[in-house]
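Structure record follows, encoded as C-alpha cells.
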Amino acid sequence: MIPLQKDNQEEGVCPICQESLKEAVSTNCGHLFCRVCLTQHVEKASASGVFCCPLCRKPCSEEVLGTGYICPNHQKRVCRFCEESRLLLCVECLVSPEHMSHHELTIENALSHYKERLNRRSRKLRKDIAELQRLKAQQEKKLQALQFQVDHGNHRLEAGPESQHQTREQLGALPQQWLGQLEHMPAEAARILDISRAVTQLRSLVIDLERTAKELDTNTLKNAGDLLNRSAPQKLEVIYPQLEKGVSELLLQPPQKL
C-alpha cells in the first residue's frame, strides 16, 4: 500500500487513494478522506474492534464520522468560519476581497463560541417561560376572583338587603358595576391565551436551540446564526405591560364591600 501522505490535506487529496477527494468525509480528528476509502477502512477495522484514523492513528468512533468540507470555489479544505457571510472558508477565500474585511474564527473556536451562545439563549428563554407562566397563573387567579365576586354579588342581590343600612336601591346599582368590570374580561382572557401561545412557541425555540447546541458541528454551524436570530414570538417586556395596563389595574383594586 502506498504510504499515506500527510501534506496533501490542504490540496484536497485523499491520503488513502492519493486522488482528489470524492464525497469528502472526516474522522473526528479532522482528517479528510474519500467516503468510499474511509468506509472500506472502517469495514476492515471493524473486524478487530478498534477503529483509528488512517492518517494519524488516533482512536476514533465510527459513530462520530462527519461530513468533511472542501471549498467549492478552490477545492481546498476549509479552515475558517466567516461570521458575516456564515460561510466556511479556505486559505484562498481568506485573502479574497469579498472576505478580507470580515471577522473569521477558526472552525474549532466557532463551534465553541456558537455552542455557548446557543446555550446562553436557551437559558434566557427558559427564564422568560417561567416568568410568563407565573404571570399567566397570577392573572388567571385574579380573573377567577373577579368572577367569584360578581357571582357572589348577584347571589346577595337575589337574597335581598342584609340590614337596614343596605337598601334595595344600593343593591340595585351593583349589577351595572359588575357588568362594567365584566366587559373587560374577554380582552384580558385573550391576552392570557396569547401568553399560552407564546410559551408554546418559546418552548419549541428552546428545543431547537438545545438540540443544535448538542449536535453542533461543521454541518450545522452555518445554521446556528440563523437560529440565534430567530425572534421570540413576543418579548416578555411587551406582554407584561399589557397585563399591567389591563387586568392588573382592574383587579388590584380593593374588593368592593357588598
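Glycine too: its Cβ is placed from the backbone N, Cα and C atoms.
Annotated in Swiss-Prot:
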type	residues	note
BINDING	C71, H74, C93, H99	Zn(2+) binding site
COILED	107-159	coiled coil
ZN_FING	14-56	zinc finger
ZN_FING	66-107	zinc finger
**Q.** Sparsest Cβ surroundings (other CB atoms within 10 Å) among the binding-site residues C71, C93
**A.** C71
Q: Using the centroid of the Cβ atoms of C71, H74, C93, H99 as reference, list every other same-chain residue with Cβ within 8 Å of it (recorded Zn(2+) site), in sequence order.
A: N73, K76, V78, L89, C90, V91, E92, L94, S96
Q) When you measure from the Cβ of H74 (Zn(2+) binding site), which residues in the chain that are at least 6 apart have a Cβ under 8 Å away? A) C90, E92, C93
Q) What is the three-state DSSP composition of the zinc finger (66-107), stated as helix, strand and coil residue counts? A) 5 helix, 13 strand, 24 coil
Q) Around H99 (Zn(2+) binding site), how many other C-beta atoms are within 10 angstroms of its C-beta? A) 17
Q) Mean pLDDT for the zinc finger (66-107), as a whole number? A) 80
